Ligand code: DQA
C-alpha cells in the first residue's frame, strides 16, 4: 500500500483558509480541501498524508519523510514558494514527482509572487483554479503513475 501514497503539503497561513482574504482565496477551508483530496485520491487508488505547517523547517521535515513511503508530492508552499530555497532543495532531494498548486493566479498578482523557487522542481504547476487545483494535481498523478 505504501507505494501508492501521496503527500499533500500546505504551507504558512493556509490553515486559515475559509476566513483568510476570502476575496482572494475563497471560503473553502483547509479541512474541506484535505477531505476532497482524500476522496479523489482514494478513487484513483491513492492514500494521502496531509501536512500543514507555518514553519519552514517542519515543511522540509515532512518533505524528507515522504521519500520512504510516498510516490508523489502535491504542495502549495504558500509564501515560501517565493522565498524558500530550503523547501525547493528538499523537494529536489527526495526525487519524487511534484505538483505545485496555488489557489490564486500568482502571475496576475503582485510582482513578488510571480517567481516560485518550487516551480523549477515541479513537473506541473497549477495556479488560479482555487481548490479544484488540488484535484487536478491528483488527476495528474493518476495519469502520471497509473491508477
Ligand atoms: C498562494 C499564493 C502565495 O503567493 C501566497 O503567499 C499564499 C497562497 C496561493 O495558494 O494562491 O499564501 O500559494
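Even glycines carry a Cβ here, placed using N, Cα and C.
These features come from TrEMBL:
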{"type": "ACT_SITE", "residues": "25", "note": "active site, proton acceptor"}
{"type": "ACT_SITE", "residues": "102", "note": "active site, proton donor"}
{"type": "BINDING", "residues": "76, 82, 89, 103, 104, 113", "note": "substrate binding site"}
{"type": "SITE", "residues": "20", "note": "site 'Transition state stabilizer'"}
I want to check the contact list for the residue listed as 'active site, proton donor': same chain, sequence separation of six or more, C-beta distance under 8 angstroms. What comes out?
76, 81, 116, 125, 126, 127, 128, 133
Taking only the Cα atoms, work out how far residue 103 (substrate binding site) lies from the residue listed as 'active site, proton acceptor', in Å, as a whole number.
6
Would you count the other C-beta atoms found within 10 angstroms of the C-beta of residue 20 (site 'Transition state stabilizer') for me?
15
Nearest by CA distance to residue 25 (active site, proton acceptor): which of the binding-site residues is it, out of 82, 89, 104, 113?
104
What residue among the binding-site residues 76, 104 has the most other CB atoms lying within 10 A of its CB?
76
Round to a whole number and give the Cα-to-Cα distance in Å for the pair residue 82 (substrate binding site) and residue 20 (site 'Transition state stabilizer').
19
Which of the binding-site residues 89, 104, 113 has its Cα closest in space to the Cα of residue 20 (site 'Transition state stabilizer')?
104
